[in-house]
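Enquirer: According to Swiss-Prot:
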- ALA97, GLU118, ALA119, GLY126, CYS191, ASP227, HIS242, MET293, ARG303, MET304, GLY305: substrate binding site (BINDING)
- CYS225: 2,3-didehydroalanine (Cys) (MOD_RES)
Amino acid sequence: MTPPTASFINPATAGPQPGSFKLSKGSLHACSTTAAPKYEQYVPIKTGEEPIEDFNGHYRFAEIKESHTSRAMTARYMADMMDAAVSDVVIIGAGSAGLTCAYTLAKQRPDLRITMLEASVAPGGGAWLGGQLMSGMVIRKPAHNLLVEIGVPFDDEGSYVVVKHAALFTSTLMSKLLAMDNVKLFNATCCEDLIIKKDQTGAQRVNGVVTNWTLVTMAHGLQSCMDPQTITAPVVIGACGHDGPFGAFSVKRLSSAGLIKLGDMRPMDMNKSEGLIVNNTREVFPGLIVSGMELSEHDGHPRMGASFGGMIGSGQKAAYEAIKLYDSLEIDDGEVVGLKH
């Protein structure tokens, strides 16, 4: 039996969507507070004003108004926010571990709705460069199998491979991930808190995240009363990297709430670290799976430096752990109401 999924709108079956109809005069005041006004988003190309791709001084764009741009962006972003308000899995952090996790999870389970949060404008975390701002990306085997799968070329150096530029891996992975229908990415959006509730046994459980735009979060010391939003999800995955401005967020928040004790990341030992990170990727607190370097802050594993195999393997392991966890839960509209027997 297919497990229940979050109540996302299916554009193919939900009937007329925002943007299907022309906004009539006065309808902003007359419309319900629960429904967005409708508007005409399709702009027909007028005869005699057809776009021309001529680079000899006659290049001409199709006509558009500024309001078309604003409405096109706003309608889609707000529709995404409405859909993601109840998700099946939320991944905090879109670095190498988070992106790999989302790709693996979305591919394995297209029935699950996956929401990613990334505090930076540019997803990818530290995976745009190798070590010390150099371009090459080192990946130890067998994690290179993901490169083969997504079509990223590399130099085979025996026990490891080298991608000529880390950005090639990250951009390729993102292009495949974001093309998937069951994945939504909110970048420039950070996690400010976790939703923690008691489950049916009375135990504390992570059941979603509290979000805000990163620039708002950074301005909390300058302004007051800038409240966040929430995303409800039965499974949350922390992939925020090691300690930093937004790093290791999930485990640091649990620690500050007195719910766990951090192990703190140990000094570098590349050979030891990567295997420990992958093999120990798990649910560290009910409802929260932790992967990548965030796990090193929780468990006290050594740092691994500029070798990315551990991040890839940990992201994949987190995806498989998320599937097992999700399939073990009884879920009602994103909230855990029991365990399957």
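Even glycines carry a Cβ here, placed using N, Cα and C.
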Enquirer: Using C-alpha atoms only, work out the spacing between ALA119 (substrate binding site) and CYS225 (2,3-didehydroalanine (Cys)) and round it to an integer in Å.
Expert: 20
Enquirer: Neighbour count first, Cβ atoms within 10 Å, every protein chain included; then name which of ALA97, ALA119, CYS191, CYS225 tops the list of recorded positions.
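Expert: Sorting the candidates by Cβ neighbours within 10 Å, the top entry is ALA97.
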Enquirer: Do you know offhand how many angstrom separate CYS191 (substrate binding site) and the residue listed as '2,3-didehydroalanine (Cys)' by C-alpha?
Expert: 17
Enquirer: Sort CYS191 (substrate binding site) into helix, strand or coil using the DSSP assignment.
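Expert: CYS191 (substrate binding site) sits in a strand per DSSP.
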Enquirer: Round to a whole number and give the Cα-to-Cα distance in Å for the pair CYS225 (2,3-didehydroalanine (Cys)) and ARG303 (substrate binding site).
Expert: 38
Enquirer: Within 10 angstroms of the C-beta of GLY305 (substrate binding site), what count of other C-beta atoms is obtained when all protein chains are considered?
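Expert: Neighbour count, Cβ to Cβ under the 10 Å cut-off: 16.
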Enquirer: Sorted by position, what residues of the same chain at least six away from ARG303 (substrate binding site) have a C-beta under 8 A from it?
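Expert: Expected: HIS242, MET265, ARG266, PRO267, MET268, ASP269, SER273, MET293, SER296.
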Enquirer: Starting from the Cβ of HIS242 (substrate binding site), draw a 10 Å sphere and report how many other Cβ atoms land inside it.
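Expert: For HIS242 (substrate binding site), the 10 Å Cβ neighbour count is 17.
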